[in-house]
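What Swiss-Prot says about this protein:
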| type | residues | note |
| --- | --- | --- |
| BINDING | His109, His113, Asp312 | Fe cation binding site |
| BINDING | Thr136, Val137, Ser138, Gly139, Gly140, Asp169, Gly182, Asp186, Asn284 | substrate binding site |
Amino acid sequence: MNILGIETSCDETSAAVVQNGRVISNIISSQLIHRDFGGVVPELASREHERLIVSVVDAAVNEANIQKNDLDIIAATAGPGLIGAVMVGLCFAQGMAYALKKPLVPVNHIEAHIFSAFIRDDSDAPPPENDFISLTVSGGHTMLCIVNQDLSYKVIGRTIDDAAGEAFDKTGKMLGLDYPAGPVIDRLAKEGNPKFHHFPRALTAQSRTSKSYRDNFDFSFSGLKTSVLQYISTHDSAYIERHLSDIAASVQEAITSVLVMKTIAAAEKYGIDAISVAGGVSANSRLRHSMQEACDRQGIRLFIPGIVYSTDNAAMIATMANLKLERGKTEPNNYDVAPFASFRG
């Protein structure tokens, strides 16, 4: 079975073909236009998707060495995401499915991220046979949930203000780094001292001693942004430039340590021995290393997607559609689908 996946939820235009559960093409076109603005401009993102969608889909089909008529299913992100951006991909998928007389499967973007760790050409380890804890962490989302084998979810924690990826990008902007700042901070931090300055870890046992906070799996990163801004304002530009790698490492440690701490604590509280980490921030080298070390200490299995599947991509959309079809969790015949506003667990 050949499934075409389409992803346009933010600033990546992507199309992929999954054949019998294995990725055989995955084309991603990142929109560089947003760098000049220090963040994604929704209207520009939608226009870029409109400009790129045909060529990206054609490239994915050609790389798969098939014809469009060989496709069995069309799958597309139906949200959450930037509404205009989502609608470009979803409407294109609707039209393509209708023209080819193929079924259409709408896919939840967050759900696809959760299962991106199990894309077959990426992971040697099989998916866990029992429930697992999922940390989904990106520029727009930071969420912990329990994933059941019937593809149902229980959200146990989420950000109450800013997402972790946004914290990376906004603090990077304060430091004068290019957008997206996450990968730049990751590179700088390799040369820096993560203990150079202790930035706050909100909603953790380090910030409060009461049991309610130790059992709280929500996240908060707005205070970190304020702390970084205050730190920068009390030092001259020469000092900041001289210690840029140390500051980057300290910011990164403040973000990743909270993600690791809460994810491990959730697994321990609920007696679950498997964790998956996905989303754009899962590409961060410090997060991957720290989470692996913590899981090894606790005897927990860790599943993280390869770097290409960490950020937004259509392979995860097609793979999620394939999984839902295999488990009878979707009816792929509705051309009149509306975008999802959120992830419900």
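Placement of Cβ uses the backbone N, Cα and C atoms for every residue, glycine included.
Locations of recorded Swiss-Prot features on the structure.
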residue: His113; record: Fe cation binding site; contacts (Cβ under 8 Å, 6+ apart): Thr136, Ser138, His141, Ala278, Gly279, Met316
residue: Gly140; record: substrate binding site; contacts (Cβ under 8 Å, 6+ apart): Cys10, Pro80, Gly81, Ala163, Gly165, Glu166
residue: Gly182; record: substrate binding site; contacts (Cβ under 8 Å, 6+ apart): Gly139, Gly165, Phe168, Asp169, Gly172, Gly280, Val281, Ala283, Asn284
residue: Asp312; record: Fe cation binding site; contacts (Cβ under 8 Å, 6+ apart): Glu7, Ser9, Cys10, Asp11, Glu12, Ser14, Ile28, His109, Gly280
Per DSSP, Asp312 (Fe cation binding site) is which: helix, strand or coil?
coil
Hey, does DSSP put Gly182 (substrate binding site) in a helix, a strand, or just coil?
helix
Among all chains shown, work out which of the binding-site residues His109, Ser138 has the most CB atoms within 10 A of its CB.
His109
For Thr136 (substrate binding site), the three-state DSSP class is strand
If you draw a 10 Å sphere around the Cβ of Asn284 (substrate binding site), how many other Cβ atoms fall inside it, taking every protein chain shown into account?
26
